[in-house]
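Asks: Dumping the structure here so I can ask a few things about it.
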Amino acid sequence: MKELQDRILKDGQVIGTNILKVNKFINHQVDPVLMEHIGEDFANHFADKGITKVVTIESSGIAPALMAAAKMNVPLVILKKQPSKTLHNDLYQTQVTSFTTEKSYELTLSRDVISEDDNILLIDDFMADGEAATGAIRLLRMAHATVAGIGILIEKSFQPGRRKINEQGYEVYSLARIKYMDEYQIDFIEEN
């Protein structure tokens with residue numbers, strides 16, 4: 001998605017060679033027009049998949065996932081990273097380690113929001129090593145739901161996430177695929 005790539009080049013900041021800071025438009029301050037266009041792109045790409053729910057992990061995936069869910073006219077389910085007093089014992093949980101923070105957390109899904117009849121579009125802001133997506137897929141498998149596709153805003157293609165997810169048999173559709181980045185440049189994989 002050229003619009004997202006252009007915004008990354010304009011407002012993204014590379015830290016080292018592995019971290020891309022997108023605080024100005026995705027995960028601290030959110031550009032609602034960009035999120036609407038991202039939601040439209042995901043909705044169009046996955047239009048023939050019979051999606052019944054969009055799922056994301058809190059918190060940076062919420063804005064684009066909500067826009068996609070709205071365009072598809074389906075509910076959004078948010079996987080929780082923190083225990084909540086409103087979520088009781090009837091839960092699916094799995095441990096996930098964040099690439100960015102290098103901390104582990106218990107990814108949690110209430111059993112009453114996803115069923116075996118659901119056809120899921122999983123959306124997340126980044127894909128690096130694929131750990132978050134793999135954890136979300138584990139939870140959705142526990143619920144016996146079908147993962148119809150995975151939508152990623154920014155993929156670090158020089159890391160193994162896509163390969164890991166593809167090896168599990170899932171389609172990954174990324175809007176901006178970075179093949180190389182350092183503090184001076186960001187190079188994208190150009191899609192046809």
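Here the Cβ of each residue, glycine as well, is placed from N, Cα and C on the backbone.
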Asks: Since Swiss-Prot lists N27, K156 for xanthine, which candidate among L20, L34 does it give for that site as well?
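Replies: Of L20, L34, L20 joins N27, K156 in the xanthine site that Swiss-Prot records.
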Asks: Out of A128, D129, E131, the binding-site residues in the record, which is closest to K156 (xanthine binding site) when you go by Cα distance?
Replies: A128
Asks: Rounded to an integer, what is the Cα-Cα distance in Å between D129 (5-phospho-alpha-D-ribose 1-diphosphate binding site) and N27 (xanthine binding site)?
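Replies: D129 (5-phospho-alpha-D-ribose 1-diphosphate binding site) to N27 (xanthine binding site), Cα-Cα distance: 19 Å.
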Asks: List the other residues in this chain whose Cβ sits within 8 Å of the Cβ centroid of the 5-phospho-alpha-D-ribose 1-diphosphate site residues A128, D129, G130, E131, A132, in sequence order.
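Replies: Neighbours within 8 Å of the Cβ centroid, excluding A128, D129, G130, E131, A132: F99, M127, A133, T134, Q159, G161, K164.
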Asks: Beyond the listed site residues L20, N27, K156, identify every same-chain residue whose Cβ lies within 8 Å of the center of their Cβ atoms for the xanthine site.
Replies: G12, I19, K21, V22, I26, T100, D125, F126, A128, I154
